[in-house]
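Comments concern the structure below.
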Amino acid sequence: MNSFMALVLIWMIIACAEADKPLGETGTTGFQICKNALKLPVLEVLPGGGWDNLRNVDMGRVMDLTYTNCKTTEDGQYIIPDEVYTIPQKESNLEMNSEVLESWMNYQSTTSLSINTELALFSRVNGKFSTEFQRMKTLQVKDQAVTTRVQVRNRIYTVKTTPTSELSLGFTKALMDICDQLEKNQTKMATYLAELLILNYGTHVITSVDAGAALVQEDHVRSSFLLDNQNSQNTVTASAGIAFLNIVNFKVETDYISQTSLTKDYLSNRTNSRVQSFGGVPFYPGITLETWQKGITNHLVAIDRAGLPLHFFIKPDKLPGLPGPLVKKLSKTVETAVRHYYTFNTHPGCTNVDSPNFNFQANMDDDSCDAKVTNFTFGGVYQECTELSGDVLCQNLEQKNLLTGDFSCPPGYSPVHLLSQTHEEGYSRLECKKKCTLKIFCKTVCEDVFRVAKAEFRAYWCVAAGQVPDNSGLLFGGVFTDKTINPMTNAQSCPAGYIPLNLFESLKVCVSLDYELGFKFSVPFGGFFSCIMGNPLVNSDTAKDVRAPSLKKCPGGFSQHLAVISDGCQVSYCVKAGIFTGGSLLPVRLPPYTKPPLMSQVATNTVIVTNSETARSWIKDPQTNQWKLGEPLELRRAMTVIHGDSNGMSGGEAAGITLGVTIALGIVITLAIYGTRKYKKKEYQEIEEQESLVGSLATDATVLNGEEDPSPA
């Protein structure tokens, strides 16, 4: 009976606790409870998510969202999370405009203008890998066209995050994984994880979005049409506007009818047209603006976004469980990963379509449009290798110079050290060891052991140190890797008559000595440069002394192209501008760029972090692996442990000595017991022998007495 009453009492306590919870936390957490209680829709256009500012793509959620309080917008129309607030547009904000974009360099996104125009990092390439931009650039260049854009925008809310918003669990865990590697001084692994963070969460965090709808028409019109009407560019935009209004069945005013002939010319010169509907009801031919606008309320989308770089949100108040200096190091690691993402997707070159040096792949102008080409001689490449551990790796990494047959440059050329890196390969082999117990009982134990072989390679290319004879160098026929093609052949191969030379881990450099047959496949070569070494050919004076610092760029009249990203280091090569610019635009190069180590190096166990600016120290609890601010007594104890460990024997040594002493004592005790038992057994045998001897003597005496004194018969 008592147990039954106790069970009822516990049930009542749980029920009361559930009843005291806020509305949004009863039973199943989430917006569904609020939605059922308030009978309102949930606002889906929310900030706090990650954003890839190169591709204009929403990424993983960075800021946490909860619906504990069942908040609503100020006008009571939508349910919103606790971590955001809205600014409703009280007035009607229907905007219509028409514009001409003469060059793709003036591109502006329809739905992410604000975040693309922020000035942090490499803002010149923001949005340059979005589908919208790449379509516009391709059509402008291929059709020799300009772009006209007409749009109708209706903004309903501006939704912003609160300053007290917390980081999401998934994002926090990813940061903690990076922190764990930084604590252990595993810098390469931390860099790899930071690049994965960029892959999953983007480069920025959205802090504000405009919720509404937009109807956009983009036309591409021949450039000649705009040049013929340069003095009346306004009438060109007006013609674009009339074409748009005709699509949405809008009644055109009588003033526009006089422009019928210009509108017809506009339509006849239009090479491409597209109408997009962002939010509202789906667009269809013949829809009216009135019908489209009435459907906006229940179909809101983001029509503009604003935000800050991802590393801005990695700060001590967002990660209170970590030491301040460690958070600062974490933020710097993530910022560096974002910069690498921008750097590896920045393609300098001539962006003027009318220049003979125009580079279709370039997304940033480098003032090479008017430069004249200088003929340079290519002295070949070679690569040295040194085994560091494990199996033989250098046989696949070494490369001799085709001109010398050795690891050297021909006379008149100087070597330029491009890069040195360590190559790792994992392998397993059967290893057998003899294991003994008490040095008596032995057996052979075999197991499959995983090991890492390492080798260091050093890549060089040869530059002419002065005047060299004609046809003394090699012909250059492009490069390719196991993941990229050679622009000369559009395949992973060299042109006919060319030989692939190995450089780095996977790069193939196509060269030829045949000036008669190979010349038609050759391209003017302007040098190599890497993340650590510039190009001596940029300045003719530095070519004479390759040890002098040189710029990481191409000479005038040459454009740079990616050769390979070798373990986080970009290596580029230079060819004559205007070559290798055909085909479609290059896709974005996504991280990670760094190879994770096959096996972790010797880790450093960080237990104390001190901030030199505030003189505050953090101690890591070995039981929970949690950080906390250290009290003076705890700091002294921790320092004593650290210095004690360093001055005394290690844990392994202490354990070994303890085990040895224990075994020795066991042997001594065993021998003592064995000796004692053997000694006692010997005593027992002597006593038995004595008793036996006495008994036999007594028997003999009795017999003798019987013979001497026989009893009377």
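Placed from the backbone N, Cα and C atoms, the Cβ positions cover glycine too.
For CYS34-CYS70, CYS350-CYS369, CYS385-CYS394, CYS432-CYS446, CYS436-CYS442, CYS531-CYS569, CYS554-CYS574, the entry in Swiss-Prot reads disulfide bond, with the evidence type experimental evidence. According to Swiss-Prot, the domain 'MACPF' annotation covers 30-345, on the basis of sequence analysis. Summarising the annotation, Swiss-Prot assigns N-linked glycosylation site to ASN185, ASN269, ASN375. What Swiss-Prot records for 410-653 is region 'P2'.
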Across all the protein chains here, work out how many other Cβ atoms are within 10 Å of the Cβ of CYS436 (disulfide bond).
9
Using Cα coordinates, what distance in whole Å links CYS436 (disulfide bond) and CYS446 (disulfide bond)?
14
Which residue, out of the disulfide-bonded residues CYS446, CYS531, shows the minimum number of other Cβ atoms inside 10 Å of its Cβ in this structure?
CYS446
If you tally other C-beta atoms within 10 angstroms for each of the disulfide-bonded residues CYS34, CYS394, CYS432, CYS442, CYS569, the top scorer is CYS34
For the disulfide-bonded residues CYS70, CYS574, which one has its C-beta crowded by the most other C-beta atoms within 10 angstroms?
CYS574
ASN185, ASN269, ASN375: which of these glycosylation sites has the highest Cβ count within 10 Å of its own Cβ?
ASN269
Please give the average pLDDT for the domain 'MACPF' (30-345) in this predicted model.
89
Assigned conformation of CYS369 (disulfide bond) - DSSP reduced to three states:
coil
Go through CYS369, CYS554, our disulfide-bonded residues, and report the one whose Cβ sees the most other Cβ atoms within 10 Å.
CYS554
Taking every protein chain shown into account, which of the disulfide-bonded residues CYS350, CYS385 has the largest tally of Cβ atoms within 10 Å of its Cβ?
CYS350
Using DSSP, would you call CYS34 (disulfide bond) helix, strand or coil?
helix
Cα proximity to ASN375 (N-linked glycosylation site), best match among recorded positions ASN269, CYS369, CYS394, CYS446, CYS574:
CYS574
Out of the recorded positions ASN185, CYS369, CYS385, give me the one sitting nearest to CYS574 (disulfide bond) by CA distance.
CYS369
Between the Cα atoms of CYS70 (disulfide bond) and CYS554 (disulfide bond), what distance do you get, rounded to the nearest Å?
59
